Amino acid sequence: MQQGTLMRKVKSKSWKKQRYFKLQEDCMTIWYQSKRTGKTESAFSISDVETVREGHQSEVLQSVAEEFPPERCFTIVFYGRRGNLDLIAGSAEEAQCWVQGLRQLIEPRSFPLTFALVSCTWIRDWFQKADKNKDGRMNFKEVQRLLKMMNVDMNEDHALRLFQDADKSESGTLEGEEFVLFYKALTQREEVLSLFQEFSEDGKKLTLLELVDFLRQEQLEDEGTEELAMELIDKYEPSETARARHVLSADGFLMYLCSPEGSIFNPQHRALWQDMSQPLCHYFISSSHNTYLIEDQIRGQSSIEGYIRALKRGCRCLEVDCWDGPNGEPMVYHGHTFTSKILFREVVSTLGKTSWGNSSSPLPLMGTSPPSSHPQRASLSCLRVGGHGPWRRWVAQGASLSPTPQELKHKILLKGKKIGRLEDTLDGPGDEAPDVSDDDNGAEAEEERRRAKVRETQHGSALQKDKESLAQALSDCVIYCKNVPFRGFQEARSHSRPSEISSLSEAKARKLIRDEGNEFVRHNAWQLTRVYPSGMRTDSSNYSPQEMWNVGCQIVALNFQTAGTEMDLCDGLFSQNGCCGYVLKPPFMRDKETLFNPSDPSSREGPGPITLTIQVISGQQLPKVANSKEGAIIDPLVRVEIYGVPADQAHQETKYIENNGFNPRWDETLQFQLHVPELALIRFVVEDYDKTSRNDFVGQFTLAFANIKPGYRHIHLLSKDGTSIPPSSLFVHIRITE
């Protein structure tokens, strides 16, 4: 993958811009040359690329699907809020060359390569930023300025000494490789070297037995420790000689600590590790609200990109609001608002291409407000029941009243109003009156019901029969998620079924949590509950999902487009179990007769409270605050936040380190007592201290307590919108005691 002429979609009357793209020799930067002006510019760094999508997986490329085949189209998706880059190659072969080449660069096969690539990319990116005249060299003043850009405030004499040591050519400037040497001297990890020497007899290497001692005593690895030690040496020791002697050097030790095996997140829990044969109601399900919106709830843009982003993020419960549209085509948008609209047909097409890319788990669709007119219902019925490609084979069909995620793999579950019962659908048509109650959208739903009655009165009885026929066809698609109104726990226990679901506003759910916590937990042990944001959240803000998870609510719908603590908690919970979007609830929340109430931790069956001790040791290469002044250097502090039952909610923070975002050292110990650790989420937050105003966000990482690995661990930080910000990390020591 060296070069190629690609066309880029731009917002202009003439939509095509032909550009000549080229991968630079460093394999880290893509440059392009305009065909019109001949000007060459840097387009992007490989480290900025999150993923590459093939085919018509964007609104832009779908709009030209008839003109250009999917084999020639691909989309480059960047980290953060940078817009996607839609490209069309001259041939399918050229497109594959770019797609496969980019994927190999951004997804190396082994972590040591990842670690080395990230470090090298990060160094050279900064070097290129500081090398204003592009001569590939920097004098000492330029290096000092670069250090400021890199968040380093260093004593001038010490910086000069490191500069001179790295200047092997004695030219008074640093060239590319010399700057790498300077950087390595700059990033010497004294705290890691001290730990290494504590277990190394000669201070130069860890023998196999010394490494085993470290893994057992500090990392609490108690099974197959010798085999693990051999694997780590083979995987992370850079010296072939050391590998042959089965020893680990200081460099290899650091590589291990920065690897997935050295992460705070248990690497075994990254894969699918939980039992997937329980009923659906026994799982927390990653869920989005008004998935099609990528902005606010009143005037925001509706886009299939909302579905693509949510699915890529591990979401398994999407919302599709269908309304009347022009030319007999149902539209998807937020009803009774000024949001833009997208074709239901496009949503179906997008789901067909992206629903199973990251997960084979069942995909519940929250369908609300079906079109009112006869032809549009017919169109919707056709699409949902089988008239549009493979849609029919995805709709869940089965004979079990309490299906499991394992049984429903690659199935779509439609939530909606249903005529009759599930048993009637499985055995034959039913004669029960349609359930038209749904408090899913509050006042909007009530207004829609009123309008429906008016429309029914205006149309004749013949048309009514046609509608009923179509309503039956739509109803037959609703198998396991029949929407029913919530009229109290006793009513539900007496009359509801496991195949039914109720939707509650966040305010209603909070009241039930406060007044009937244990009954709520019991209800969620056998039936699905969906919670959605208040209609007052027109800015697409989010409520805390934790209080809803505390009572076992499975479908806690959030606005995925809005970054913040709430989405950090969501990402933290669902980053486990293969990111399949399903997390098994604790045993005491799956028992219909449980005594557990989140307001009374003693009601939980099991061992007593545990103590979580976290020593925050150091930070590495923390990012600068967005839009900060030139030359500004952060004063970082670390805050650890605990989310769980009310008795476990807590936070503590370290002192701030003045003017050091590059390698701050805290060496502070924080301690927490957890009464219900099974529900606890731990959020590590780095902020830039400001004594006169609110601290600025720097980075965060959130995970479930169940996924924590004790010992000396690195925490690889994420940005505000949940994307990786390599190589920024924290180094901590974790202890868990009963």
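Heads up, the Cβ atoms here are built off N, Cα and C, so glycines get one too.
The annotation compositional bias 'Polar residues' is assigned in TrEMBL to 369-378.
The compositional bias 'Acidic residues' annotation in TrEMBL covers 425-446.
Under the heading compositional bias 'Basic and acidic residues', TrEMBL lists 447-467.
For the domain 'EF-hand' (118-153), the predicted model reports an average pLDDT of 72. TrEMBL lists 118-153 (among others) with the feature domain 'EF-hand'.
Marked as domain 'EF-hand' by TrEMBL: 154-189 (among others).
Taken from TrEMBL, the feature domain 'C2' applies to 590-719.
Residues or ranges marked as region 'Disordered' in TrEMBL: 356-378 (among others).
Look at TrEMBL and you will find 423-467 (among others) tagged as region 'Disordered'.
DSSP states for the domain 'EF-hand' (154-189), grouped as helix (H, G, I), strand (E, B) and coil, give 22 helix, 2 strand, 12 coil. In the domain 'C2' (590-719), the DSSP tally of helix, strand and coil residues is 12 helix, 61 strand, 57 coil.
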